[in-house]
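Q: Here it is, the structure in full.
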Amino acid sequence: MPISKPIQVAIASLTIFAIFFGAGNLIYPTFVGLETRSNFMYGFLGFASTGIFLPLLGLISMIKIGCKTDEFFALAGKKVSTILVVLILLLLGPLGGIPRCIIVSFEALKIMSSSIRLIHFNFLFGTLTFLLVLRESEVVRIVGKWLTPALILGILVIVIAGISSNQVMSDATLTGFSSFTFAALEGYQTMDACAAIFFAKIILDYFKKEVPESDILNYSLLSSIFGFFLLGIVYAALLFLGAKYAINLNEIPKANLFNSLTCLVVGKASSVVVSFTVFFACLTTVIALVQLVSKWLTEHAGIDFKLSVCGTVVCSMISASFGFQTLTTLLISILSLLYPALIVLILCNLASGYCQHMRKYSPVIFWLAAAISTYMAAGL
């Protein structure tokens, strides 16, 4: 029996939500709320600009060119495109996305026992990831199938409990404009604009199997919009709760923000269930990222898949051992340089369909954006 259009769009929208909702998507909106407080609406607008709107544009630009990664990055010039691909895969993989998920899942389970040590958890998590990626276990599909609704339900319970509490929101210490710019920079750290470039193919491939060729583009675009709309609702809720409980969360390390918020709102007993959900969310995200990096290494560098998986996991474990704050410091330095250039690539790819000269001049625009972002990052 054929699946109706609304159901197909709903499935794809939830898939987009699940793909993009990783460790940083729990922490950074909560942190933005904590910092912006009563100016949380300005914070949300800033965070949405780089954490929702930009990744959505990235997804749309990739879908419009048939998810051809080489064509997308070619606008920066042939020599630079490979460097950009490798850099983004490193950020999503062993230098950023994967170790960050490991640390957040560690902090999630640490609620149950403070005796758990990162070094031991790191090894066990890495071993489990290695085995699941190689075996492509059915467990991953089962967890992924039920995880998204469970995570949304858990966040919904926290939001309802948080909104109905008598906690009073404290006054902002940042101005509206400062709240916006601060939140926009924090939105970089979700790295969803980077992820959109590589994950767009999943959505396109799904609709290639399910709908006529003439409808693929429309279905893909509609699903992308709804998927990021759902992300936006969750971000707004987490940001609001971060603002409302800012006084209680002020001294909490970033990696433990969401878990601490959960304990404050629903109590330690209920937070254990949410913590397990967060753990499995991080695990499935890590598996997807390890597969992404390993397959690229196999296809483009000719490295054996098992060796690629092993190398990616080991490097990620080493990165995770440095801790969340060290990773954050490294990432924000790189992303502050990368994102302005990536924004130019996304916009140029979108515009190239309407302006035939865009591909000719896009390398110049790209390098100009890169120079400006370097100048600003250096504080010159």
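Even glycines carry a Cβ here, placed using N, Cα and C.
Remember, it's a predicted structure, so these values are computed and weren't measured experimentally.
Reproduced below are the annotations present in TrEMBL:
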{"type": "TRANSMEM", "residues": "7-28", "note": "transmembrane segment"}
{"type": "TRANSMEM", "residues": "40-63", "note": "transmembrane segment"}
{"type": "TRANSMEM", "residues": "83-106", "note": "transmembrane segment"}
{"type": "TRANSMEM", "residues": "118-134", "note": "transmembrane segment"}
{"type": "TRANSMEM", "residues": "146-168", "note": "transmembrane segment"}
{"type": "TRANSMEM", "residues": "219-241", "note": "transmembrane segment"}
{"type": "TRANSMEM", "residues": "272-293", "note": "transmembrane segment"}
{"type": "TRANSMEM", "residues": "330-349", "note": "transmembrane segment"}
{"type": "TRANSMEM", "residues": "361-378", "note": "transmembrane segment"}
Q: Could you pull out which residues elsewhere in the chain have a CB under 8 Å from any CB of the transmembrane segment (40-63), counting only those six or more residues past its ends?
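A: Contacts of the transmembrane segment (40-63) (Cβ under 8 Å, skipping residues fewer than 6 from its ends): 16, 20, 25, 28-29, 32-33, 69, 72, 169, 176-177, 179-188, 190, 192-193, 195-197, 199-201, 203-204, 217, 220-221, 224-225, 228, 231-232, 235-236, 239-240, 242-243, 339, 342-343, 346-347, 349-350.
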Q: Going through 7-28, 118-134, 272-293, 330-349 one by one, which has the most CB pairs that fall under 8 Å from the transmembrane segment (83-106)?
A: 272-293
